[in-house]
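> Once you've had a glance at the structure underneath, I'll fire off some questions.
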């Protein structure tokens, strides 16, 4: 025993060293996982900071747009009264020029209608594009709603995880409570054992006092026989001392033996636990190594994809830079061509201003354009109002979605923090559980020491009390085990009743087969018909009939053999299953006897250990019931198969009887006809021979199939029977060894081996259950791996889609470049062919539109580059999150199913594209709104400039006409007219020579339409403005606003209006 103890201690030390090495490896892996988690937290914080920095300029842009809208509204409100005044002046001017310019109007209206229709079509196209963009934004909003729903599902998943963590926390709390209760129970047992030791010591002391009293009484009584008793006492005292010494030696040997046995059992138990923990740790280590290898492979693949995406990004940036440079060159070319067109336009305008007809045409064109611009302004204002409303709605919807997204993100962050807190709490509870287990181990050690002391004190009592207590405990144990025996007996009775029912089905099948008899009446009838005519028929006919008859006999034989084989199969199956059931029951009983014998062998003499057989026997009973259940399933399947075979046999037999009866009827008809037709008879016999040969073949095959099935089934059942016999012999040998050990034979090692074997069998059952669970987990992991591969393929498809989109965008850019080039060519051709101001204006308008389209195309290219950059950034972020998820799944912090759902969510590029597309569409819509606002402001400025030009031309015409009339009407020496008082400004004009008056307007009329054509030049800096400012100071127009055509009342009006001056 000492050698065994030493070897077990050496094994225990080796296992402890292995456990320390494995724990060090696990600590290293946990440190590596913590570092990865810190890195993932840093990346997450950087991503959040980047998102916040990207959202700030968007908000500022929105605020700038709103401020710009308010400024535009104020400008429109300020410009309305000026527009009304200009409209009044325009109505007066139209009334003045309406008589002369009717023909010109008709010609210009046709031209302006075409121009207006083109502009209206362009505006309608712009509105349609705006509507399409709004619809696209609505679809993007719907996609965003779906994304929010998915995030809500993720939130539900995280809440489910938190609930699971709460359940684990509750379970740990229950474990703590159980451990505390066990600790309290151990303390109570220790206290009870201490009190029991004290009671036993008090009883020993009382027994000693009683012995002393008895000795004193004995001495007082036996004083008379003192000398004789002195000798007896001396001899008895010597014998008593010798017996006490022997008793003490035996007690010490017994104590040492029990301590060694306990220590050996404890060491064996520790070795078994250490082996189990070592196996589990090795399995965990292997699993973690596999996970690390898989994550490394995934990381390598992700890094490769990231490198490819970066290379594609660099290529795209280079191409975009080249396209930008090319577009900038094209823009420079267009600017140069525009400058040339402006120079030519200035030359043409100078030529046009030389004649009065061009002035009238320009005036009429300005009036019609002002009216059309008013209408266009109204339409654009309505469209702008609609777009503003839609923009406001979209902005509100986006704000709602962003608020919801922020709320969801806050909930997710709270859930993550809460899960981290729960994990920390779980770790604390695990540490507390370990501490409580250590305390429980110390208490159990104290309890073991107290038990040893109590046993030592117990041995000092009388043997009678010990035997009485053991008998009482035996009775209590028997009373407790009666309930378990009743339950076991009831379950066994149920299973035995089910088995008896199945055996009854076998018996019923046997009885049915034994009662059934094959029907061969038709064959005997055929034989009786043909025996009388065999001599009168030819030899070939007789031979064919004999062949038909022989085939009929073979068929009958096969049909008779089939039920016999089925009967034998039922008999053998019933016998073998009964034997298997008896063997299983005998093995179960032998194992129960072994449990009782082991408990008796392990218990000290004159005592029975308090062993709870109910749990052990419950497991054994479950095994027996499982075996019986399997036997029942097999027997039921066999019975059903036998019944189906019997039913098929009966149907085939009936069909064969019908065919034979039909043949006999035909044979009777052929024989009864006189004379007998030999050819018909031969034909009938040949047909029947072919049919019966086919029937014989099928029946033979069916019989062979039944024989093979019976043979395989019997071999399987005989193998099970042999295994049952061998197991029964083994169990009987084990029980015989235990009986010999109880009878006094030195078989300690065999008993311990039997007990170890029993424990190992239980551990083997538990290991098989664990292996089944691991197989299930492996299947789940395989499914998760397949889904991960599917998500990777989806990711690749998404990248391919992005590449195709990029190619489409390149094709669109190329098409736009081609259209720009064609439009340039058209513009040059139209410049060469243009002769009038209307054609020049149309070309200028087309050029302006081309510039706008070019700007829009460059902006779209920039936005496309930004979108690709955001997509690549989001993919890099998704790869980082994927690394983080894989590392967390490697550490075991999160379940694999979350890794799957997180991986599927992070590798789905549609979400990133949706977010980036929403942001880009929003920016596009804002830019288009700004462009529309700029166009409105330009149109308003053009309208104001044209109104100012109209008013200036009107004032100029009035002044020139008035001055020319005054010069013609006023004689040089008329005193009546000289008495009129003019203002200083009017005197200056009247005293100036006519050449000066006529030359100064020519200087002003260099380019009356130039401010309209070039919006960059302000109206206040033109020389025409200086002239009109100078003319506006004159009092002539203010003095005679209404009496311009009445020459007779000029003097009276001047007199009347003199004080006003």
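In case you wondered, yes, glycine gets a Cβ from its N, Cα and C as well.
Source: prediction; values computed, not measured.
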> Tell me which of 3-33, 34-64 corresponds to the region 'Disordered' entry in TrEMBL.
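Spelled out, TrEMBL records region 'Disordered' over residues 34-64, not the other listed ranges.
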> From the ranges 866-893, 894-921, 922-949, grab the one TrEMBL calls coiled coil.
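Going through 866-893, 894-921, 922-949 one by one, TrEMBL flags 922-949 as coiled coil.
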> Any idea which of 821-855, 961-995 is down as region 'Disordered' in TrEMBL?
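Based on what TrEMBL states, region 'Disordered' spans 961-995.
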> Can you say which of 1001-1020, 1021-1040, 1041-1060 is given as region 'Disordered' in TrEMBL?
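Going through 1001-1020, 1021-1040, 1041-1060 one by one, TrEMBL flags 1001-1020 as region 'Disordered'.
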